[in-house]
Amino acid sequence: MRRCLLFSARNALCLSRSNSRHSLQHGFHTTAQRLAKRVPSEVEKRIADIPIERFRNFCIVAHVDHGKSTLSDRLLELTGTIEKGGNKQILDKLDVERERGITVKAQTCSMIYNYKGEDYLLHLVDTPGHVDFRAEVSRSYASCGGALLLVDASQGVQAQTVANFYLAFAQNLELIPVLNKIDLPSADKERTLTQLRDTFEIDPTNAICLSAKTGLNVEQLLPTIVEQVPAPTTNDGAPLKLLLVDSWYDNYKGVILLVRIFDGSVRAGDRLISLATQNEYIVGEVGIQYPLETPQTVLRAGQVGYMYFNPGMKRSKDAKIGDTYTTVGNAKKVQMFPGFEEPQSMVFVAAFPTDQGDYTHLEDSINQVTLNDRSVLVMKESSEALGAGWRLGFLGTLHCSVFEDRLRQEHGASIIITPPSVPFKIIRRDGTEEIIRNPNDFPETSFIHQHIADVQEPIITATIALPEEYLGKVIELCEANRGIQESLTFFTATQVILKYEVPLERLVDDFFGKLKSATKGYASLDYEDAGYRSSNITKLQLHVNKVPVDAVARVIHASQAEFMGKQWVKKFKEHVDRQMFEVVIQAVAGKKVVARETIKPFRKDVLQKLHAADISRRRKLLEKQKEGRKKLRAVGNVTIESSAFQKFLAK
């Protein structure tokens, strides 16, 4: 009886294992089949009936704060993608974007527009306007056939407008000039149209004048997009070829890819291969942004949509922006796209937790934010004064500020950020080159004289657009920051475009803020990398009782050392506690002390009990106290609290 029960139990166990193995082998196909069998929505049915000839992919590009996100909202409302009167700037998803009123990351959305009785599939990309996020704009162009060149009618053509125009022109995009904010009392349509004609040789009669805020004339824009933006093209019968335009991370789905399909089609269950990494994946879901993620049965040639894999892509680094994907077995038939140039970090800061007990929490927070911001460079670093931390690389000072805000708002992080620094290049006598990103790694003066042939600093070409009345002040500002003038162009009677070569080290020292102050906010700035140039560079350090403070070091031009050194010692003195011995604070550039402040010690009155004593007795007691001070100073260590550094490093 017992043998019979054991036999039946063994059979039942084998049967359950067999069933579970069968379900593991065929479970994903079941998921793919389930996705394929789901009932298509009304939107999906309409998209399926639209041929590629009625697809339109376009983006909105403009200078910062010219109204791109507001115009996007109006277009989404006109096409029925979102309801009227809902949330403002629906494509700006980050808290910091809504708070500051800027776009940090390019956002996409698909729309269906009925024109003359036929449905058109429009794909919109809302791009950032600030120069720090130019890489987002150039990536957006790759998925588009046209661009709306948006200009604020009250501000006119500004620096980033010029940069965006030339980027789009190089990509052969169809440009539609649009004047926004014409409802403002300060709007000057005639002046702005003249600027467009003189600067870009654009026919002003084709420009559309509207107000995105009130909705005035916005309905004229959609027919113009349909008529002027070319439809995407494809090779019939060619294997799948798609371009990875962007990616973001989801805690449940893994890395989600934003892709532009050039040939073929992709659906759930397809096996894809990356031509850059040679990794193979199985597609878990495809869909479009409408405006949120909306699953679809298939993505066809000409469409821009999202997809994620099952099993999911775990690391953001595996999603190489500009990569080409195709189906497994067709890798040799598909030519890889040239890809995008990865943006290089231009500004570096050191970041430390205010309390070393929060190190693990801050590390997790930084890792979470960098999952969706691949342009941040992260390296571990330690400081004797501030403990363990990180060296972070950013595209610019605004990028750094946005990253810091996201850490504080989204993760509640408490963090100390050092002033921004830039990379420097040293060329040794044997011809080898090295990029120095950390001021503490910059070689000492004696080492430079013996082993270094040349020290170079990064240079940028700054394009400044400003009213003519502020020209003198701006030239004075650029010259004071070691700028070299390249060109000066009057593109209207009252507007000037000024080009200067300026050291990047001066740009990160609040150059933009000073420019805005000098021009009452009317000037605009755009810049691009111009390589490295030889310069007289030195390291400025802070010494407390002749001991260097590693948390406070900066590589600067020798001409600034004395001025900055005096500022440092004066400010640092306010935050160091008085001791029983004398504390000497020095700013040292190379081997030269350029500034000094002294904190007097607490003093005991050793003459208190003397009344009419001999003068020699007085001197003896004072000399004895003086000797005691010297011994105390020799063995005493100045302990500087992290709160002192926090106050010193605060702006």
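Yeah, the Cβs are placed from backbone N, Cα and C, and that goes for glycine too.
Listed in TrEMBL for this protein:
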type	residues	note
BINDING	62-69, 126-130, 180-183	GTP binding site
DOMAIN	53-233	domain 'Tr-type G'
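Here the binding-site residues are A62, I182; the one with the fewest Cβ atoms within 10 Å of its Cβ is I182. On its own chain, H130 (GTP binding site) has V64, I102, Q160, G396, L398 as residues at least 6 apart in sequence with a Cβ closer than 8 Å to its own Cβ.
Annotation for T127 (GTP binding site): spatial neighbours C59, I60, V61, K68, T103, A106, E136, V137, S140, criterion Cβ-Cβ under 8 Å with sequence separation of six or more. The Cβ neighbour count for K68 (GTP binding site), using a 10 Å radius over every protein chain in view, is 26. Note on D65 (GTP binding site): other Cβ atoms within 10 Å of its Cβ, all shown chains, come to 17.
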